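Undergrad: Pasting a structure here, questions to come.
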């Protein structure tokens, strides 16, 4: 069969498999590619190909992640699978592989286990919008009542972390049966049912271009006779010449007007998500703007100093700290383009944080940053990355 041309006309969605070790995340990933390959929607990736995940660096942290892609009738998917639990933690916190939704894999034989719980909590903290459950290894359970009990347990667990436990689709099957072609009903058919659930239940993410304009400022120049130009890569939205925009963060918020957009020395009418541009600002002095601020659509993002975060602290081997830290730890928090010092408060019951831990913590910055939930940051000491985090809740 001739290979199909990669179609860009389907909506794209990023997903991944999460769940406890040995519950079948990688087998399921392989099974999805195998079943979808029959209709030309994927190229089959065997278990061993996925399991040997290459290492990548994200925000100075090494993570092993396997990427596969496939398509259903409805969408094109990029799917991430990680070999180890630590890789999941790092992946979700750094946002190295953005997840628009996830497939939670739970073994019917074991039911929810500690990492099941931890991955659900992480998904909640880092803002994964929706989950679908695959209850795997159902061929290892003879008693249908037991399957019902496991399903109830999963739903209660999801609800306890503020996911809609009663509504989340739970598909029962066996990834191995699909890989071995042994039992069509719980193998092949269950995988197709799972993908239908993923198509229907995981919402299509808004394209970056359609969101409100935001550009982190990387550099500021003064051009005689023309005014002040700020440069950076537009993170989302569109900026048009003549539009009113805000400069947010570090200093009090000010309004200005975009009087020009320039890319590769050419003048444009507008810049959009993904473009590296220079934006000319009307009546703004060079000293009024600095790296670390953002340009944005008025009112779309606000400056804050206090937030709750989920963070991963690097091990000594990863180039991180050699010793634990305690409440009142004062590192720098690197947001977008700049470092801001902040004070850490650990939650009650957490005495200290060891290298290699992931932890929930509150942070108070010494200067405000344009902030919203899901914003990623690095934790640094004198320019060296010692951790990574994500804003789970803006407090003040």
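Placement of Cβ uses the backbone N, Cα and C atoms for every residue, glycine included.
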Undergrad: From 77-80, 81-84, 85-88, 89-92, which range did Swiss-Prot mark with region 'G3'?
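TA: Spelled out, Swiss-Prot records region 'G3' over residues 81-84, not the other listed ranges.
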Undergrad: How many helix, strand and coil residues does the region 'G3' (81-84) contain under DSSP?
TA: 0 helix, 1 strand, 3 coil
Undergrad: Between residue 82 (GTP binding site) and residue 26 (Mg(2+) binding site), how many Å separate their Cα atoms?
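TA: If we compare the Cα positions of residue 82 (GTP binding site) and residue 26 (Mg(2+) binding site), the gap is 8 Å.
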Undergrad: Which has the fewest other CB atoms in a 10 Å radius around its CB: 19, 22, 26, the listed binding-site residues?
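TA: Taking 19, 22, 26 as the binding-site residues, the minimal 10 Å Cβ count falls on 22.
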Undergrad: With H, G and I counted as helix, E and B as strand and the rest as coil, say where DSSP puts residue 19 (GTP binding site).
TA: strand
Undergrad: Drop a 10 Å sphere on every Cβ of the binding-site residues 82, 138 and tell me which sphere holds the fewest other Cβ atoms.
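TA: Comparing Cβ neighbours within 10 Å for the binding-site residues 82, 138, 138 has the fewest.
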Undergrad: Which entry in the list of binding-site residues, 25, 85, has its Cβ near the fewest other Cβ atoms, using 10 Å as the limit?
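TA: Among the binding-site residues 25, 85, the lowest count of other Cβ atoms within 10 Å belongs to 85.
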